[in-house]
Every structure is written in C-alpha cells, then in structure tokens.
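In TrEMBL this protein carries:
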- A:88-300: domain 'ABC transmembrane type-1' (DOMAIN)
- A:32-59: transmembrane segment (TRANSMEM)
- A:92-113: transmembrane segment (TRANSMEM)
- A:125-145: transmembrane segment (TRANSMEM)
- A:186-206: transmembrane segment (TRANSMEM)
- A:227-247: transmembrane segment (TRANSMEM)
- A:281-304: transmembrane segment (TRANSMEM)
Amino acid sequence: MIDNITYDGSVRGHRRAEHRLRARVRTVAEAYALLAPSLAGFLLFLVAPIFGVAALSLFDWNLMGAPSFVGLDNYRELAADPEVWRAVLNTIYYVVLNIPAQTVLALLLALALNRRMRGGKALRVVFVLPWMAMPVALGIIWSWVFDPRYGVVNQVLGTVGIDGPNWLTDPAWAMPVIASVNVWQYTGYTMLILLAGLQAIPHTLYEAAAIDGTTPVQRFFTITLPLLRPSLFFVLVTNTIGSFQIFDTVFVMTQGGPGGATDVLNFHIYQQGFQLFRSGYASALAMVLFALILLVTAAQFLYFRKRTVYDFS
Amino acid sequence: MSRKIALSAVAAAALLSLAACGGADDADSTGGAVTLRYAMWDEVQKPPIEQSIREFEKAHPTIKVQIELNNWNDYWSKLQTQLAGRSAPDVFWDHVSYFPKFSKEGVLTDLAPLIAQDKVDTSIYDSKLSEGWKVDGKVYGLPKDWDTIGLFYSTKALKDAGLTPADLDGLTWNPGDGGTFVKTLQKLTVDENGKHPDEAGFDPKKVKQYGLAMQAPTGQQDWWNFALQNGCTLQDKPWGRWTIDQPACVQAIQFVQDLRLKYHVAVPATVTNPPNGPSLDQVVGRGEAATAMDGSWMLRAFDTALPSGGFGVADLPAGPVGKGSVYNGLTEAVYAGTKHPKEAWELLKWLTSEHHQKAVAQAGSVWPGITSLNDVFADAWKAKGVDVTGFKKAAEGTTMGYPLTEAADVYNVKALDIFNQVWLGQLSPQDAAQKINTEANAAIK
C-alpha cells in the first residue's frame, strides 16, 4: 500500500512497461508464429544444406560407401586442378558477357517504356514473359533456333548470304550463345525493377532542371542515373549472384562443351557430384563458388554504399 | 535464380521419387499388380522392345512394366544417383564400362541361383558375351545384344563419285600417308567448286561433302578401332591401368585428328563433336558426308534418315597390324535392391528369351544375344537390301572389348571433354592421351 502511494507513478509506469513488454512479446511471438513455416523451410532447405555442404567438403564420399574424412585435401586438389581454373574463368567470362548487356538493355527498355504511350503496358508484359518461362524448356527451344542447319538464325543469315557458324559446337560461339539466351530471358525482369525505380524519381526534379536549361542528356546523367542507384544496385547484385550460378542453360544446351568451352563452375560441380560421384570434392567446389560470389557481392556493396541515396524527399 | 531452380528441382525430384515409391507400394496393396521399372538409353531400339513388353504384360496380368528412357549421358548419372538413393529401376540395361563398379558395389542381383532354379539354358548365348559378366561364379546379367563398328555409306554419294561398294573393300590406312583409305575418302570429299582435297585450288573452308563422319563420346566408334588396327591396347590388362599414352595409341588418335585437320576428308569437329553434334545418320542423310563410322545399333537410324536402298555397310579399313573392330554387348540386369525380385526375374527371362530377342532382331534393331538368332537379324536387313554380315565377320575377327575398369566414369567424362578439344585442334594427341591416362589411372584405387 505504502509503496503504492509513494511510488504510485513509477508502479503505474512499471505496469505500463510490463504491459508494453507483454504486448511486444505477443507481437514478436505472433510474428514468429507466422514466420515459422517459411523460417523452418529456410533453415531446413537453405541453412542446413549450406552447413552440410561445408562439412561434406572435408570428406571423400561417392554417395554409396561410407564417407571418409580427408581434411583439406579436396581444397588442395582443386587449387591445383587446371579444370577448376578453367571453370572459374568460364564463369567470369559468362558474367562479363551477361551482366553489362542485360543491364544496359534493360535500362534502355525501361527508359523507353517509362512514358505514357499506346500499348505500353502490353509491351511491358511481353518483355517480362521470357522471365516467366521455364529455363529448361527455353534451352531446348533455343537449341533448335541455333541449330546450324535447320535453325532460324542460320536460315535468316543465309538469306543475306552469311554462312552462319555451328553455334553450339564451335567453342568460340557456345558461350556467347548461352549468354545471349540468358540476356534475352532476364532483361525483362531487370527492366521491370528499373522501371519501378524510374517511376519513383520525383517529377519535380526534372521540371526544375528543365527550367534551369539542362539538356535531356544532362538530366539523365545528373538526375536519373544517380537517383536510380538503389534499383541499379539491387539488379546488379542479384543478377550478378544469379549469373555466377548459371547452370540450367548450360546443362540443356551444351553440357559444358564443346571441349569445356562452357564448363562453368556450377556445371563442373554437377559433373563432379553427379557424374563422377565425388560429392566431397563437388562440395569443396561449391564452397569456392560461394566464396567467389561473397567476394564480388561485398565489393559491389562497398562500391555502391558510398554513392547511393535512398531518400529522394 | 539458378540455385533456386536447382534447389527446387532437387526438392521436386525428391518428392517425385517419394511419390513414385509410394505409388508402386500402393499398387502392391490394392490391385495386386506390380509395376516394374525398366531403364534403357536408346530411343531407336525402344519401339520393338515396347511392343514385346506389351505381350509380356498380357502373359503376366499382375505385372506392369514402365519403360524409363534417358539418353546415354543422362542415363548413367541418373542410374547411379538412383542406386545411391536406393531407388534404381528394377531391371536395366547394363554396360561393360560400368559393370566393374556395379559388381563391386553389390547393386546387381546374382542370377546364378535363379538360373539353376529355373534351369535356364545359358549355352544359347555367345560365350564371348556371357563370360564377361561372371565374377567368382556369380552371374550379374544375361546377354541382350552385341555390336561391332562398320563403315556406313550413302549409295548416292558413292555413285556420284564414280565408285562402287566394292571399291570400299580392302582399304588400308597407315599413320604416314593415310593409305588407300584416305585416297578413297579424298575422292568422296568435294568442295563447292567440285575440287577434291588432293587437287590444287581445293578450299577446305567450303566443303560441300566430306568423305567420312565420325562421332564417339568414348572412342568406341572412332579412334579405338584405329587403335586396335594399329596394335594399341587401351589397358595393360583387364581391370588394369590405362595405357593410351603408348605410341601406337597416340598414332591412332593422331590419325583421327589428321582425317579432319590434315587431309580435310572428315566432317569438322565443330559439326560432329558430341554431345551436341547431330547423330551421324543425320549427317550422312543430309549429304554432308559420304560415309560414317558407326555401330550396328544405328542401322535403323540410317534406314530412317536415308531413302530406301540409300545406304550400305562396308568393313572398316585395315591398319598397319590388320583389321579389327570394337566389339561390345549389353546385358539385362536386375537391381539388387528391387522390391519385386520375382517379377523382375520374370521380366529379365522374357527380355533374354528367344521369343523377345527374335522380335527385336526381326525389327532390325540390334544383333541378338542369342547366337542362333543372328541369321534372323541378317535376313531382316537382307530383305531391305542391306548386307549387314560385315558386322558379324568383324565380330568373328580381331576385336577389342570395352576396357574393364573401375575408372570408367572418369575416363568417359574426361574423354568427352578432352577429345572434343583434340578434334578441334586445340590439344595435341600426345598431351590428350597423357592427360586422360593420368587422370583415369589416378581414379583407380
């Protein structure tokens, strides 16, 4: 009682705090309850396998017999394996072919579609359609398109007197073909994100700049590009990560060939794991890919962090 | 994007295989019917087999057979993954190059007790075929078929060059100047101006028709044959170490590269390299090559790709040490972990029975494993005007089997990649042979 009188306010304060805490606990609990299914999935299907792969990379295991612990042997072997380096270079080559082309094309498309025009919405849908299609099915269809004898590409080239190359069996062409298929497939998606970014830029900025007598080109470089950074950052990071993991198109169209010209890291991992059944070595390679992506993503974060403005108001 | 896809694919595959297992069990408990899974890799052979299996199902109303077809490359990675996951097909085609590994891992059913119990007469099979599948008194498969390599030719291309099929008889090659084999192929190779490779003004970049087409993921249909004809052995002994870096072997590899890059008489690797190049029946069918080295299992494909009477088969040329062809046979095998061993054995008996193999031979699909049926196969092709007895003569002559090794996986995967490069001219035969030899031998424990 006395306490009650003396510390009336505080107690009430305590109660309020307690109440708030309880409410908070409840909200958090609710949040977790709602998150639980996806969290469980995340832990079970993503986090656990990552640790599993990290552990497996220290073993020698053909999936059938008992795994034997080999320490860092797998890593030592891959460091000395020229095919691993070829796969790393092939992967980087693919990323270099893919990302700039895809980003620039998507940006141009987004700029073109960022205006009111007849059929603009329909066009947006058309550009996004490839992204929604199945990569494996697309790979098969593109293989037909690039067939040296019966494919559309060489037939069209033939009509203008060009003898088209053997796209998928010529080592010089195989990778550019793979890259162009993926550029075609993912440009629409990238365009969509950039378009959203463009539409978030306040129009008043352009009006003010126009009054100041700037040219459209100046406006693009001083307003559009800087303010589009968050979106560009997002597409560059996610697309680069995705590109490093290229697998499906290679698997369907070239199987890493001809002569290893499209043997990218992820395909090499598959080959070691599921054709040669060296799951430990394949896991070690997967860790290398992981580290490679982590490095590149970290570099992108560092580069963009300093220069990105998120708040336009 | 790709990882997500790969993950979901793995998850979906896992679910599917669970569902598949569940499905089979359900069938067991409900209708009393058992569904057997039968795996194979050759689409060309499937139709007559499927037809015969429908008959089998009629004779065995409680057994259903589901055929699982995957191409050569996918077949082995899929089968081995299924074996590791204990969900392999009940009955499947087995190949010599994977047999050592499988027999060691205990994934094949020993048929010896079943053969004794049902008094199956195994003397009807060519002993050359059945012997290789026995280890320590255990029998891990019964012969399905056999094959050798021949020189398929387009009759039209031959005629256009003023040659007759008899001109393809008795050809010889050597590592020095290519011999009469190369001379003949030069006559069959024409550029857009009608010039041959041995004429001045021949343009190797604008060839209309090549003399020869070759394509082989392992070497079976191309350089192994030249290797045998040149006195090379791929291994020091069965189950032993690879020896393809020996001079006689390297010369054979060099010769195949020369046919493309030096003599310009063979279709370039940018067209034929596996796994993406068109199959050789297509290459000859389009008129891009006059002849092709290919296996007897491809007869039906050539028959489809070329007009009636449009092709024939000649013997392979002889090399410095004589004639010779790669000889190989497949077996039907039962998975050791099958849930339906009795039914699987019934199916295997059917597939290796005279009745089934006769039907397949009559369709001209493959040379049968049962010796007495060889004539059925030969007659089926004779009726179509194709003399296929050369394959049989080759089988009776000097042959080389598939190497018996536990390192078949490594050899097969590396060979595909490395020989692609050799045929393109990116790697020397010597370096390639050494590389494969080292890597394949390193995988032997």
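Just so it is clear, glycine is given a Cβ too, placed from its N, Cα and C backbone atoms.
Proximity of distant same-chain residues to the transmembrane segment (A:186-206), defined by a Cβ-Cβ separation under 8 Å and at least 6 residues beyond the stretch ends, is recorded for 102-103, 105-107, 109-111, 113-114, 124, 127-131, 219, 223-224, 227-228, 230-232, 234-235, 239, 242, 312-313. Remote same-chain residues near the transmembrane segment (A:281-304) are listed as 50, 53-54, 56-57, 59-60, 74-75, 77-78, 84, 87-88, 91, 229, 233, 236-237, 240-241, 244-245, 265-266, 268-270, 272-274 (criterion: CB distance under 8 Å, separation of at least six residues from the stretch ends). If one looks beyond the transmembrane segment (A:32-59) by at least 6 residues along the same chain, the residues whose Cβ comes under 8 Å of a Cβ in the stretch are 67-72, 74-75, 279-280, 283-284, 286-287, 290.
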